[in-house]
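*Asks:* Just lifted these from Swiss-Prot, have a look:
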BINDING   S57, E69, F70, D71, Q244, E245, Q246, E247, K265, S277, Y278, Y279, I280, K281  ATP binding site
BINDING   E69, D71, D192  Mg(2+) binding site
BINDING   D192, S240, L241, S242, F243, Q244, E245, Q246, E247  GTP binding site
BINDING   I288, E289, D292  Mn(2+) binding site
Amino acid sequence: MENILNDINKRFISLPEEDVRGNKQILESVLRTFVEQMKTQDPLFKALFRRVFYGGSFYDGLKVGKPEEFDLDILLHIPIYAQPVLNESNVPGFVWLKLNNLDGWLRQPEGRVYKDFRKKFLADNDFLDTGKTLRWMESLVQKTLNTLPWVNNATCELTNEFGTFHINWWKGGPAMTLGISHSSGEKIMDVDLVACFVFSGDKWPINGYRSNPFPSTKPEFFIVPKKPQGPVNPQGRYWSLSFQEQERVLIDNKNRLKPAVKLIKKLKEKTHPNIASYYIKTVFLHIIEQKDQSFWNKSLREVFMTTLREYNEFIADQSIPYYWCRKNNLIGHLAPITLNNISNRIGYIIKDIENNPENIAKHLLTKEEYTKYIQGEDVMAEALPALPASQTSSCVII
């Protein structure tokens with residue numbers, strides 16, 4: 001079974017390093033160009049902008065399959081003079097942010113560039129509003145795209161040191177999505193851009209939340225304009241907390257952890273796609289607390305089977321507590337019968353591969369993939385087309 005798991009990981013889950021590097025270079029070069037153009041379109045954005053955080057499963061090392069989808073956070077910073085105050089809301093995992101000295105901030109000489117902040121970002125009583133933030137971000141992305149040459153009514157063109165790319169866009173959830181293609185029309189990737197606000201450790205939530213495990217090296221966290229499950233009022237006041245930088249350190253340097261996560265994600269894609277990938281990552285964050293470092297150095301078979309059983313225990317209990325605030329049950333919105341069915345399905349798979357380890361491939365792979373597996377095809381080696389010659393030069397991103 002060990003050989004089968006390693007083979008599946010190599011041929012159906014993990015991309016060759018050169019393909020990963022190529023898409024990463026294209027992404028970062030296009031985003032660098034696009035963000036610089038965004039700064040020219042809105043002085044307020046230029047003043048607020050701190051950095052881009054390259055988040056999501058690709059940069060965590062947990063991506064399954066082709067690197068065609070990326071999650072990027074556009075981190076914005078509110079000056080301390082405005083006295084931003086974060087308060088835990090009545091929904092675990094969500095906070096409210098209020099500016100207690102907005103007018104004093106705006107009266108400062110350097111505050112002039114922020115004169116439209118209230119109109120564009122704040123609701124009643126100077127609370128930061130998710131709806132206004134999303135609309136501002138949508139408008140800014142549209143305005144930036146309009147500065148680029150248009151190929152047709154839906155596609156514009158961006159040129160940088162890696163070549164010429166076609167970009168279109170659409171809106172989904174809290175993200176603005178950029179679709180990036182080669183000028184030939186061949187799709188490269190979709191990039192979700194989310195405007196977030198970043199805060200330092202002195203604003204870290206306290207009541208019911210874990211303390212920062214890396215206060216000196218990773219002191220910052222984000223708030224994201226994502227609404228809670230279920231009805232809340234006022235809707236625009238709720239911001240989701242994000243501790244992605246700390247999570248990345250927690251899962252790093254644990255030998256078999258990332259391959260095991262990717263195998264379970266591969267299984268969920270086939271058998272229970274209604275469980276979000278982040279929930280699986282959260283389960284592993286809880287498991288990390290219970291295991292010492294030596295556990296992750298065991299065989300992939302043992303780590304995979306152990307973590308799969310523990311993952312199924314969370315599903316059977318119908319609760320995956322948010323790692324940073326246990327009161328927030330990440331799967332609380334799913335129907336009990338749905339979770340029972342998922343747990344029973346995973347339980348059957350566990351028993352089957354315990355009795356017949358060679359059956360693991362049938363459970364992890366689709367019918368088409370299994371046929372290719374039997375035929376010995378290396379699917380991931382052919383997952384991405386080669387870059388055009390003009391984009392395979394020795395350009396270095398500075």
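Even glycines carry a Cβ here, placed using N, Cα and C.
Burial and contacts for the listed features, if you can.
*Replies:* Taking Cβ-Cβ distances under 8 Å and a sequence gap of 6 or more within the same chain, the neighbours of D71 (Mg(2+) binding site) are G55, G56, S57, A175, D192, V194.
For D192 (Mg(2+) binding site), the count of additional Cβ atoms within 10 Å of its Cβ stands at 18 [all protein chains shown]. Mapped onto three states, the DSSP output places D192 (Mg(2+) binding site) in strand.
Secondary structure from DSSP puts E247 (GTP binding site) in a helix. Every protein chain considered, the tally of other Cβ atoms within 10 Å of the Cβ of E247 (GTP binding site) stands at 21.
DSSP gives D292 (Mn(2+) binding site) a coil state; it is part of no helix or strand.
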*Asks:* Would you mind reading off the Cα separation of I288 (Mn(2+) binding site) from E245 (GTP binding site), to the nearest angstrom?
*Replies:* 16
*Asks:* What is the set of residues, excluding E69, D71, D192, whose C-beta falls within 8 angstroms of the centroid of the C-beta atoms at the Mg(2+) site?
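*Replies:* Nearby residues not in the site list: G56, F70, L72, A175, T177, D190, V191.
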*Asks:* What's the CA-CA gap between I280 (ATP binding site) and F243 (GTP binding site) in angstrom, rounded?
*Replies:* 16
*Asks:* Per 10 Å Cβ neighbour count, which of the binding-site residues E69, E245 ranks highest?
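*Replies:* Compared across E69, E245, the most Cβ atoms within 10 Å surround E245.
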*Asks:* Name them in sequence order: residues not among I288, E289, D292 whose Cβ is within 8 Å of the mean position of the Cβ atoms defining the Mn(2+) site.
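*Replies:* So the additional residues around the site are I287, Q290, K291, F295.
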*Asks:* Three states by DSSP: which one describes F70 (ATP binding site)?
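*Replies:* It is in a strand.
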